[in-house]
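Structure first, commentary second.
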Amino acid sequence: MHPELILRPQQMKQADGLTVASGIPGIELMRRAGRAVAEAAAKMLMKEAHVVIAAGPGQNGGDGFVVAALLAGQGYRISLGLLGRVEQLSGDAVLAARDWKGPVVPIDSLAFDEADLIVDALFGTGLARDLEGVARIAVERMNASGKPILAVDLSSGIDGDTGQVRGVAVKANRTITFAARKPCHLLMPGRAYCGDVEIADIGIARETLEATSGRLFANTPSLWLDKLPRPELSSHKYDRGHTLVLSGGATRTGAARLAARAALRTGSGLVTVASPPEALGVNAAHLTAIMLRGCDGPEGLHHILQDERLNSLVLGPALGVHSGTRAMVAVAAHARRSLVLDADALTSFEGLATEVHQAFRHAPTVLTPHDGEFMRLFKGHPDIIDPESKIERAHRAAAYTGAVLVLKGPDTVIAAPDGRAAINANGTPYLGTAGSGDTLCGIIAGLMAQGLPAFEAACAGVWIHGEAGASFGPGLIAEDLAELIPGVLRKLLT
Ligand SMILES: NC(=O)C1=CN([C@@H]2O[C@H](COP(=O)(O)OP(=O)(O)OC[C@H]3O[C@@H](n4cnc5c(N)ncnc54)[C@H](OP(=O)(O)O)[C@@H]3O)[C@@H](O)[C@H]2O)[C@@H](O)CC1
Ligand SMILES: [K+]
């Protein structure tokens, strides 16, 4: 399978159509889909177990009929309930329903409480509106039963494209999807509702999936591994870039050091902390391999950047929310180095997004807001903050600023101004700890210092950060993260 591919519902429909046109009948695809679900169900069941199948009015329901026939043939006890009437079915679902020789009962008479396993085949990618009435009650009863639920394609009630709940949705333990993941398998809350997702190959060719999938990906190493820097025998530290991290004032210096250490651990050949004069003492007391320079405001930064070897900058963590920070961002953007902006560097532009309109299109720039920072930065720009899809929000912000957007959260989305986007899925709740975001900035800047383009650096950085956090688990603090980076890189590079 191709884990980086994601197909939006419309694109999946297109891939399905092309496959049928190439000579594989739709009912054959449906039978393969149903077989994959039946195989997964059988692995979850004892012999002669009772399987309750909720089938919907479309092709997702058709898959449900295939599952029913296959599992009945293997000796399982099946109850199948349909939303609507058999005569109302259309397309391949009609053929699939003919294969099922057992009774079809109205969905509201299904006894979910008596199931050993519930198969949710109510709605898939064709969900068109919020669940109401009988459909809504069926989902609520499934969830209330406490029985294990296996979803066909996706949890019914989840919007395949945005991952949002349409009124109510099935809390599935597991989902079998077909050919490729859909956005809802990675975006929250859909990811949580779908449970463990398995991709079943139903014979749709890779070329077809690639031709229809567009520029949205799952953030897996296959996206950027070939671009990850690998030092050669003849490499010199100066070949591996020089990252500059701006420090906050005397009582706010830790964030910059966290970012700086992460950049160094990620392979930036040299790293310097640029510190306000009054904070030089405290920074000096805590730095060893990382260098230190005094930097007095925007003019100081302008002066330091006369050194062309400083090729990657981190600006924002603990810098303070004020016009001085905005001026520093302007100097950095003007200097045309790789740039990572986070925290105060973003919040200082609260309500002033027009000041960053296309500001970053001349140099590789990555903005790393969480939802709150994103909303503050683009306040007054409903076209950017209102779309329901997180991918769309990130896309629009990237196009507006000319920067790569890392819209952080449990389902971090990375979007480039050229239209590429990736959804990350390896994050861990343990990353929600003070200083974790500073470390992420340092990783991304460290990768850009070594020549990785902004989008790949952001994707790789988010993934490495997630992997580092997950490898530690409970008790993780930001100081641990930088020390975990070598282990993650070792696995990627060897
Ligand atoms: N693509 C592929 O390669 C393959 C796809 N396959 C399968 O097909 C699935 C997609 O099938 P699909 O397009 O028929 O959509 P599906 O999700 O069954 O729902 C549509 C039906 O629900 C109805 N409806 C919608 N919303 C509603 C609501 N809120 N409340 C009530 N009703 C609502 C809607 O009615 P309408 O909107 O027309 O009134 C229509 O009747 C896909 O997920 C996968 O499982 C596999 O067989 C293998 C190959
Ligand atoms: K479903």
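Just so it is clear, glycine is given a Cβ too, placed from its N, Cα and C backbone atoms.
Under DSSP, Asp63 ((6S)-NADPHX binding site) is assigned to a helix (H, G or I) in the three-state scheme. Contacts of Asp63 ((6S)-NADPHX binding site) defined by a Cβ separation under 8 A and a same-chain sequence distance of 6+ are given as Met30, Ala33, Gly34, Val37, Ala96, Ala121, Gly124, Val152, Asp153, in order along the sequence. Taken from TrEMBL, the feature (6S)-NADPHX binding site covers 59-63, 124-130, Asp153, Ala255, His370, Asp438.
Annotation source TrEMBL lists K(+) binding site at Asn60, Asp120, Ser156. Secondary structure at Ser156 (K(+) binding site), taken from DSSP and collapsed to helix, strand or coil, is coil. All protein chains shown were included, and the count of other CB atoms within 10 Å of the CB of Ser156 (K(+) binding site) stands at 29.
The annotation AMP binding site is assigned in TrEMBL to Lys408, Gly409, Pro410, Asp411, Thr412, Gly437. In the structure as shown, the Cβ atom of Pro410 (AMP binding site) sits within 10 Å of 16 other Cβ atoms.
Residues or ranges marked as domain 'YjeF N-terminal' by TrEMBL: 12-210.
Annotated domain 'YjeF C-terminal' per TrEMBL: 220-492, in sequence order.
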Key: Per DSSP, three-state class assigned to Thr125 ((6S)-NADPHX binding site)   = coil
Ask   = Going through the binding-site residues Asn60, Leu127, Ser156 in sequence order, which have a CB under 6 Å from an atom of ligand 1?
value = Asn60, Leu127
Query = Other than Lys408, Gly409, Pro410, Asp411, Thr412, Gly437, which residues of the chain come within 8 Å of the AMP site, judged by Cβ distance to the Cβ centroid of those residues?
reply = His370, Leu407, Val413, Asn424, Gly427
Query = Which ones are near Asn60 (K(+) binding site): of the binding-site residues Thr125, His370, Gly437, which have a Cα within 10 Å?
reply = Thr125
Message = Under DSSP, is Gly437 (AMP binding site) part of a helix or a strand, or is it coil?
response = helix
